[in-house]
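Colleague: Questions regarding the structure given below will be posed in turn.
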Amino acid sequence: MDKGLHFTICVVTTMLLLRESSQAGEEKDPEALAALKPDSRGAGEGLPTLTVTTILEDPYVMVRGAELEGYCMELLGALAGMLRFQYRVKVVGDGQYGAVAAGGNWTGMIGEILRREADIAVAPLTVTSAREEVVSFTTPFLQTGIGILLRKDTTSQDMSFFHFLSPFSKETWTALLFAYLLTCFCLFLVARLSPCEWNEPKNEENHFTFLNSLWFGAGALALQGATPRPQALSVRVIAVVWWLFTLALLAAYIANFTALLSSGSEQLPIQTFEDLVKQRNLEFGTLEGSSTFYYFKNSKNPIHQMIYEYMEKRREHVLVKTYQEAVQRVMDSNYAFIGESISQDLAAARHCNLIRAPEVIGARGFGIATAQASPWTKPLSIAVLKLREAGDLDYLRNKWWESSCLRQSRDRWGPLEPPALGGLFLTLGIGLALGILAALAELSSSSRRVAAHAKKSCCSVFTEEICTRLRIKGAARQSQETSGKANA
């Protein structure tokens, strides 16, 4: 009895140790994933079983313990649930997507489908005409293009001498100058019209001259107090509105300027593929045997031909084997990677020191590859369309491309246009109008009192007061000349 129990314990212990060592080997050796068991999400008694080939690429397919996960794995699970099939996942043996080798045979996932080693390929596999000739593709489940992945510090250049003007557009600066001059003129005008800004207009000069009004407005822009200080309610209304305007304007300027400095997108000299060809500081290349490489090879565009000739001449040095190698090389050296824009967006979201150049060429899509005349091609295409219409593909895109750093792109932090500050300028205009109306009301009230005391028409007194205040120096001189003649 004791011997039997001892033997059972030894057998169980040995099996557990073998299982743990097997799992550890799978974690360390991704090639062992080529013979994974069917995923339980697709399991079902009596259902057909498909062999699925894929490739390890973040975030499409990734190793987590002894299992695979990622965008393509969730997509495969959803398709299996809709079409009711089981699946067995294997990682492509040579680590290639699929290209024609020297002997005319296909490599990678395309080759495995042609050799009947796999039924379908669910991976970031680009739909091309050459691949379409030997296999069939479903409706694309992701749209992408060809972009340039760069490291920020290798693309930065000295700021322009007038970089401090970048937070606002030229139109905004023009509108700001116009608002400043208009406000200063309104301060000058209202101070002249308001009786509270002087005791006797005919003998005392008003402190709010036009030059003083310009100085007052400039002091508010710099958040500094400036004299003369307004005394009339109408002048204070305009002053308060101008202070609020400048406060909000400075807040917008500082926030946008800080964002431009931190993003570094203003200093990105490589905006297009033509810029990449003209520069001499960065090497550039793409994945060996990828559809991107053959896109430049077959393109008739002169710029694209120059890129292909450069990569072909330095093939051993600039072409990379895997996407992970490409990203690491961009981070570690003066290297620009040309590849799928959607994958580059992921790299820029995961690594905050990377950035993708704005230009994207060669619009294309990722599709599921099947053998020609396969009965699964059309059902898979319909299922992909249903997932897109239901919003499931957008959900997966947002889930697996979620950024791990707060990047501020040029699209979000570009120069502020006038419409963005439209409410601010409208508030300033309303404040100026209220100030002028308040000054006219004060002058009208004073004119009525003077007209009642002198028994004159209110309109005549009001007109005389306006003319006196707007031509105060000439009226003062005329008054002095009249008093001088009377004394003589």
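Just so it is clear, glycine is given a Cβ too, placed from its N, Cα and C backbone atoms.
In case it's useful when we look at the structure, here is the feature table from TrEMBL:
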BINDING   Pro124, Thr126, Arg131, Ser291, Thr292, Glu340  L-glutamate binding site
DISULFID  Cys352-Cys405  disulfide bond
DOMAIN    49-403  domain 'Ionotropic glutamate receptor C-terminal'
DOMAIN    59-115  domain 'Ionotropic glutamate receptor L-glutamate and glycine-binding'
SIGNAL    1-24  signal peptide
SITE      Ile270  site 'Crucial to convey clamshell closure to channel opening'
SITE      Lys297  site 'Interaction with the cone snail toxin Con-ikot-ikot'
SITE      Lys386  site 'Interaction with the cone snail toxin Con-ikot-ikot'
TRANSMEM  173-194  transmembrane segment
TRANSMEM  235-255  transmembrane segment
TRANSMEM  420-441  transmembrane segment
Colleague: Rank the recorded positions Ile270, Cys352 by how many other Cβ atoms lie within 10 Å of each Cβ and give me the one with the fewest.
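Modeller: Each of the recorded positions Ile270, Cys352 was scored by Cβ atoms within 10 Å; lowest is Cys352.
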Colleague: Return the maximum Cα to Cα distance in Å (whole number) over the record's L-glutamate-binding residues: Pro124, Thr126, Arg131, Ser291, Thr292, Glu340.
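Modeller: Between the most distant Cα atoms of the L-glutamate site, 17 Å.
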Colleague: Count the Cβ atoms, other than its own, that fall within 10 Å of the Cβ of Pro124 (L-glutamate binding site), considering every protein chain shown.
Modeller: 22
Colleague: What are the DSSP helix, strand and coil residue counts for the domain 'Ionotropic glutamate receptor L-glutamate and glycine-binding' (59-115)?
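Modeller: Summed by class, the stretch gives 20 helix, 15 strand, 22 coil.
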Colleague: Sorry to bug you, but what's the C-alpha spacing from Pro124 (L-glutamate binding site) to Lys386 (site 'Interaction with the cone snail toxin Con-ikot-ikot'), rounded to the closest Å?
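Modeller: Here the two Cα atoms are 19 Å apart.
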Colleague: Short question: which residues 6 or more past the ends of the transmembrane segment (235-255) have a Cβ under 8 Å from it?
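Modeller: Distal contacts: 167-168, 176, 179, 183, 186-187, 190-191, 194, 197, 208, 216-217, 220-221, 223, 416, 421, 424, 427-428, 430-432, 434-435, 438-439.
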Colleague: What Cα-Cα separation, expressed in whole Å, is found between Thr126 (L-glutamate binding site) and Lys297 (site 'Interaction with the cone snail toxin Con-ikot-ikot')?
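Modeller: The separation of the Cα atoms works out to 16 Å.
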Colleague: I need the neighbours of the L-glutamate site defined by Pro124, Thr126, Arg131, Ser291, Thr292, Glu340. Which other residues of that chain put their C-beta within 8 angstroms of the C-beta centroid, in sequence order?
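Modeller: Nearby residues not in the site list: Tyr97, Leu125, Val127, Thr128, Thr144, Ser290, Arg364, Phe366.
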Colleague: Out of the recorded positions Ile270, Lys297, Cys352, give me the one sitting nearest to Pro124 (L-glutamate binding site) by CA distance.
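Modeller: Closest recorded candidate to Pro124 (L-glutamate binding site) by Cα: Lys297.
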Colleague: Roughly how many Å separate the Cα of Lys297 (site 'Interaction with the cone snail toxin Con-ikot-ikot') from that of Ser291 (L-glutamate binding site), to the nearest whole number?
Modeller: 10
Colleague: Select one residue from Arg131, Lys297, Lys386: among these recorded positions, choose the one with the most other Cβ atoms within 10 Å of its Cβ.
Modeller: Arg131
Colleague: How big is the gap, in Å, between the Cα of Ser291 (L-glutamate binding site) and that of Ile270 (site 'Crucial to convey clamshell closure to channel opening'), rounded to a whole number?
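Modeller: Computed Cα spacing between Ser291 (L-glutamate binding site) and Ile270 (site 'Crucial to convey clamshell closure to channel opening') is 23 Å.
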Colleague: Spatially, and counting Cα to Cα, which of the binding-site residues is closest to Cys352 (disulfide bond)? Options: Arg131, Thr292, Glu340.
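Modeller: Looking at Cα distances from Cys352 (disulfide bond), the smallest one goes to Glu340.
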Colleague: Which residues, sitting 6 or more apart from Glu340 (L-glutamate binding site) on the same chain, put a CB under 8 Å from its CB?
Modeller: Pro124, Thr126, Thr144, Gly145, Ile146, Gly147, Thr292
Colleague: Around the Cβ of Thr292 (L-glutamate binding site), how many other Cβ atoms lie within 10 Å? Please give the count over every shown protein chain.
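Modeller: Cβ-Cβ neighbours of Thr292 (L-glutamate binding site) within 10 Å number 23.
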